[in-house]
Amino acid sequence: MKPYQRQFIEFALNKQVLKFGEFTLKSGRKSPYFFNAGLFNTGRDLALLGRFYAEALVDSGIEFDLLFGPAYKGIPIATTTAVALAEHHDKDLPYCFNRKEAKDHGEGGCLVGSALQGRVMLVDDVITAGTAIRESMEIIQAHGATLAGVLISLDRQERGRGEISAIQEVERDYGCKVISIITLKDLIAYLEEKPDMAEHLAAVRAYREEFGV
């Protein structure tokens, strides 16, 4: 685990974005941890979040021309990541996002920001069922652009309804790499360093045994 990944876990714990305990997911599964990126909700939170996303992008080595944030949660992520890349990595890249409903007046269309072209890096909070990615792919392809990759905050590394995860489905269906700031494996490595969190470590390991990919 790299220093920025450990710092991100601590940031998420601090903001109660990441919690350990017993939680029922939308799928009905009982999970020993819960991640709610919506709780990164202040100016400072967003500034820090952008730095973590930018760090993960630079670390990945994936080449891309533009950041795309799917409405709605991807919008502030794309914005703050673009700022962080420019301020901390000297990479001044364009970004854009979609509207849920296309405007029929003013500038019109369903996109806001830069022209959607070239190699697109899609940024979002998490991938649950992959629906937002599929909707975004239709927009990206309609504009003649290509998907360079997807970056999310957390990869739960667990099976969907079948034998593979929603993330593996996206990689298979679109031939692109999905990267994340942290993974379930990183969470376990972090818990292993914390003797006072041993009960959570046992629960997360058991969960990975049952649902992991």
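Including glycine, each Cβ sits where the backbone N, Cα and C put it.
Here the structure is a predicted model, which means the values were calculated and not measured.
Listed in Swiss-Prot:
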- Lys26, 72-73, 99-100, Lys103, His105, 124-132: 5-phospho-alpha-D-ribose 1-diphosphate binding site (BINDING)
- Phe34, Phe35, Thr128, Arg156: orotate binding site (BINDING)
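This view paints the features noted in Swiss-Prot onto the structure.
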residue	record	contacts (Cβ under 8 Å, 6+ apart)
Lys26	5-phospho-alpha-D-ribose 1-diphosphate binding site	Thr128
Phe34	orotate binding site	Leu18, Lys19, Gly21, Phe23, Leu25
Phe35	orotate binding site	Ala12, Val17, Leu18, Val126, Ser153, Leu154, Arg156
Lys73	5-phospho-alpha-D-ribose 1-diphosphate binding site	Ala37, Gly38, Asp124, Asp125
Lys100	5-phospho-alpha-D-ribose 1-diphosphate binding site	Ala71, Tyr72
Ile127	5-phospho-alpha-D-ribose 1-diphosphate binding site	Ile133, Val150, Ile152, Asp155, Ala166, Ile167, Val170, Val178
Thr131	5-phospho-alpha-D-ribose 1-diphosphate binding site	none
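Of all the Cβ atoms in the protein chains shown, 21 others lie within 10 Å of the Cβ of Asp125 (5-phospho-alpha-D-ribose 1-diphosphate binding site). Take the CB of Thr128 (orotate binding site) and look out to 10 A: across all protein chains shown you find 14 other CB atoms. Highlighted in sequence order, Leu25, Ser31, Tyr33, Asn36, Val126, Leu154 have their Cβ within 8 Å of the centre of the Cβ atoms of Phe34, Phe35, Thr128, Arg156, the residues recorded for orotate, and are not part of that set. Largest Cα to Cα distance within the recorded orotate binders Phe34, Phe35, Thr128, Arg156: about 13 Å as a whole number. DSSP assigns Thr131 (5-phospho-alpha-D-ribose 1-diphosphate binding site) to a helix.
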